[in-house]
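Novice: Found this in Swiss-Prot, in case it helps:
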BINDING   Gly14, Ala15, Gly16, His17, Ala18, Gly19  FAD binding site
BINDING   273-287  NAD(+) binding site
Amino acid sequence: MKYYAGDYDVVVVGAGHAGCEAALAAARIGCKVLICTISLDSVALMPCNPNIGGTAKGHLVREIDALGGEMGVNIDNTFIQSRMLNTSKGPAVHSLRAQADKSRYSNRMKYILENEENVTLKQIEVISIDIENGKVKGILTKNGAYYNAKTVVLATGTYLNARIIIGEVAYSGGPNGLFPAKELTKNLMDLGISIRRFKTGTPARVNKKTIDFSKMIEQPGDEKIVPFSFLTDKLEREQVSCYLTYTNENTHEVIRKNLHRSPMFNGSIEGVGARYCPSIEDKVNRFPDKNKHQVFIEPEGEYTNEMYVSGLSSSLPEEIQVAMYRTVPGLENVEFLRTAYAIEYDCIDPQELKLSLESKNIEGLFSGGQINGSSGYEEAAAQGLIAGINAAMKVKEKDPLLLTRSDGYIGVLIDDLVTKGTNEPYRMMTSRSEYRLLLRQGNADLRLTQKGYDVGLVSEERYKRYINRRESIKSEIERIKNVQITNKKEVNEFLLSLNSSELKKPISLYELIKRPELDYYKVEQLDKGRINLPEDVQEEVNTTAKYEGYIEKQLEQVNQFKKFENKLLPNDIDYSKVYGLRIESVQKLSKIRPMNIGQASRISGVSPADISVLLIYLEHKYK
């Protein structure tokens with residue numbers, strides 16, 4: 001028996017990383033939001049790795065923060081170790097990563113949601129979305145409550161029809177021992193939404209007291225802690241170490257002898273797994289010549305003995321897992337606290353979405369996170385943020401926020417999912433972007449904070465900080481362009497001491513910094529008028545000066561890219577009547593219905609010749 005339970009502008013289904021960002025974004029823009037979760041104890045749960053950020057993922061967190069999201073602030077408040085990755089490489093791929101205290105991360109995010117003015121957080125299982133005349137009307141819960149909703153954001157994570165697999169044991173269950181959502185998939189299929197089956201997995205959690213760390217390599221955090229959020233001032237905190245060890249031939253032998261019992265290899269798993277996060281049995285099978293694989297031991301929090309064993313994800317039977325783990329140096333006497341498992345779950349085809357993350361077929365229905373076929377907390381949070389913003393824009397009858405590939409990694413992520421689709425859990429990598437040098441984690445605010453402010457999400461405090469930082473960078477660049485370094489004897493002696501050639505004539509400090517062996521910091525002695533600026537400002541000034549030529553080339557590429565992005569394709573085009581298009585192109589274009597020529601050009605199966613046909617068609621049809 002159903003009953004009327006209330007009215008909301010936005011209902012968010014799921015309170016994981018996507019759901020939390022979606023709810024907070026919509027609420028902060030001014031919408032009345034209901035966020036539903038199967039368990040109030042699983043808000044912003046981290047059911048797999050205990051860290052935020054990493055290669056490309058750190059960029060996503062910075063971009064979420066720049067737009068006004070919460071993830072960066074939350075990890076800055078709850079991390080137990082911080083490291084900057086890829087520092088030996090160029091600035092485009094420098095990526096921040098932090099170990100989280102899982103419980104504190106989850107509890108703080110729950111507290112933020114509970115205290116956000118326009119948010120109501122409830123323990124509710126949503127079993128159906130009510131649609132009327134092709135538009136969202138409301139949602140129905142398992143307990144019979146019906147809520148009117150102007151928009152709905154699906155952020156169901158890995159819960160839809162979730163199934164846990166450990167060797168020959170398989171049962172219906174969500175991540176971390178939680179309940180699965182069993183009824184919503186059927187409703188989505190009845191609404192005409194395509195459903196696929198994906199798979200992911202997680203390693204065991206082991207007892208810290210049973211680990212011999214003396215046989216491992218300690219991995220401490222960085223001395224200089226760099227925050228994720230542009231709102232966070234200097235961070236100082238006592239950090240907790242991680243540890244590195246390796247598998248060996250004994251480990252691999254245990255796995256090889258028991259591959260027939262692995263669900264990955266005996267056909268018990270239907271779902272497609274993540275290419276870039278393989279199980280240990282998959283790694284051993286795929287790389288038979290490799291005699292060892294890295295294993296990182298990572299703390300799950302400050303006040304727990306649970307340790308995450310990164311690199312040993314598995315779905316082998318429990319007793320085989322224990323035997324296999326105990327062959328690893330330092331884990332000879334290890335005791336399991338939680339068993340490793342694989343999890344299968346339902347997700348949708350992201351090619352049925354617009355770039356706003358709204359369904360092409362159901363008005364007012366948005367989705368974000370693993371339901372869209374992605375993997376990872378950061379990818380989920382990024383999509384949730386955009387879905388939440390655009391649900392709010394829909395309610396307020398404003399244009400959606402559409403991020404392009406040149407705006408940020410979030411734009412790349414969404415464009416890849418919606419335009420190219422994915423046949424496996426999608427993971428963000430820096431190599432997926434054509435404009436890596438422009439999309440640095442250090443300039444995320446310069447790229448995106450204005451956009452966040454324009455949609456009403458960025459607070460006045462954040463906006464003021466952004467303006468101050470932007471102007472500091474701009475004025476410092478102008479200043480060093482006007483600082484002339486002469487070819488005096490003491491200057492040349494200083495340059496020679498840095499293995500840099502002598503000056504033959506005066507040069508600006510800005511030009512001098514471009515020398516490969518020099519940078520903004522090394523030439524401080526020559527810069528008499530330098531004032532003490534924040535480290536992040538100095539870093540941005542240094543990068544802008546040193547890589548100016550490369551940055552300008554990428555900006556030229558972006559301008560060419562935008563010419564195609566600005567050629568809009570009407571949504572009502574009948575591609576079957578466009579003379580000259582190949583049959584495959586007609587099918588792909590009709591399914592995906594790209595917004596512009598640029599998006600059309602990135603669809604698999606649409607050739608450059610097809611793009612030429614479309615350009616000619618537009619020119620003649622819409623003169």
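Using the three backbone atoms N, Cα and C, a Cβ is placed for every residue, glycine included.
Burial and contacts for the listed features, if you can.
Specialist: Sequence-distant contacts of Gly14 (FAD binding site), defined as residues of its own chain at least six apart whose C-beta falls under 8 angstroms from its C-beta, comprise Cys36, Thr37, Leu154, Ala155, Thr156, Gly157, Tyr159, Gly369, Ile371. Annotation note: Gly14 (FAD binding site) sits in a coil segment as assigned by DSSP.
In the three-state DSSP reading, Lys283 (NAD(+) binding site) counts as helix.
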Novice: Please report the distance from the Cα of Ser279 (NAD(+) binding site) to the Cα of Gly16 (FAD binding site), rounded to the nearest angstrom.
Specialist: 23
Novice: Taking only the Cα atoms, work out how far Ala15 (FAD binding site) lies from Phe287 (NAD(+) binding site), in Å, as a whole number.
Specialist: 38
Novice: Near the Cβ of Glu281 (NAD(+) binding site), how many other Cβ atoms are there if near means within 10 Å?
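Specialist: Taking all protein chains shown, Glu281 (NAD(+) binding site) has 27 Cβ neighbours within 10 Å.
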Novice: Quiz question: given the binding-site residues Ala15, Cys277, which has the greatest number of C-beta atoms lying within 10 angstroms of its own C-beta?
Specialist: Ala15
Novice: I'd like to know which of the binding-site residues His17, Arg275, Lys283 has the most other Cβ atoms within 10 Å of its Cβ.
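Specialist: Of the binding-site residues His17, Arg275, Lys283, the highest Cβ count within 10 Å belongs to His17.
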Novice: Taking the Cα atoms as reference points, how far is Arg275 (NAD(+) binding site) from Gly16 (FAD binding site) in Å?
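Specialist: A Cα-Cα distance of 23 Å.
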